[in-house]
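Enquirer: Reproduced below are the annotations present in Swiss-Prot:
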DOMAIN    12-80  domain 'J'
MOD_RES   MET1  N-acetylmethionine
ZN_FING   117-130  zinc finger
ZN_FING   136-157  zinc finger
Amino acid sequence: MDKTLSREEAKQLMQLLCLDMSCWGNLPLMRRQYLVKCKEYHPDKGGNEESMKLLNSLYLKLQDSVSSVHDLNEEEDNIWQSSQVYCKDLCCNKFRLVGAIYGEYYEAYIMKQWDVCIHGYNHECQCIHCILSKYHKEKYKIYRKPPVWIECYCYKCYREWFFFPISMQTFFFWKVIIFNTEIRAVQPLLR
């Protein structure tokens, strides 16, 4: 997220969305609030035209920046092969949400065993948490710089970005964000 908007632009956007800066990076929440504020600021509904223009320009700039980060990640990521995860159903649509793809099985796939997966003890585990953690480690080895939140959607990047401790509560909020994220953003699941 540090490659998307300048600090001032990010503050302006979060003020227009009426969200605290601690929510910066929670894209599903920001999207929901953007839609609410569009209705509130719309000039035809009695809103402030200048606020609407600024909100639209900042939000569209954020969307374009996030898309370019995702596209850059797709170009950089030669560490995943289709033989690792093969998809031939509707989940091949990269714009579907992770939660829509996994449906009722999401809870079973997000993490297999808390005590084992949270510390990375089982290197063979194929839960979403462990796959994203392995992706994070591989990316770090290849590019010699740690990926950050939005470049990487692993639980570790989420915690470090928002300065959260390891806890069931932070894990719950992370899994809600992953549930509402496009599958293309968490691309190792598809490759």
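Backbone N, Cα and C atoms are what each Cβ position is placed from, and that goes for glycine too.
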Enquirer: Tell me, what is the mean pLDDT of the zinc finger (117-130)?
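Expert: Taking every residue of the zinc finger (117-130) together, the mean pLDDT is 88.
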Enquirer: I'd like the per-state residue tally for the zinc finger (136-157) from DSSP, helix first, then strand, then coil.
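Expert: Going by DSSP assignments, the zinc finger (136-157) contains 11 helix, 2 strand, 9 coil.
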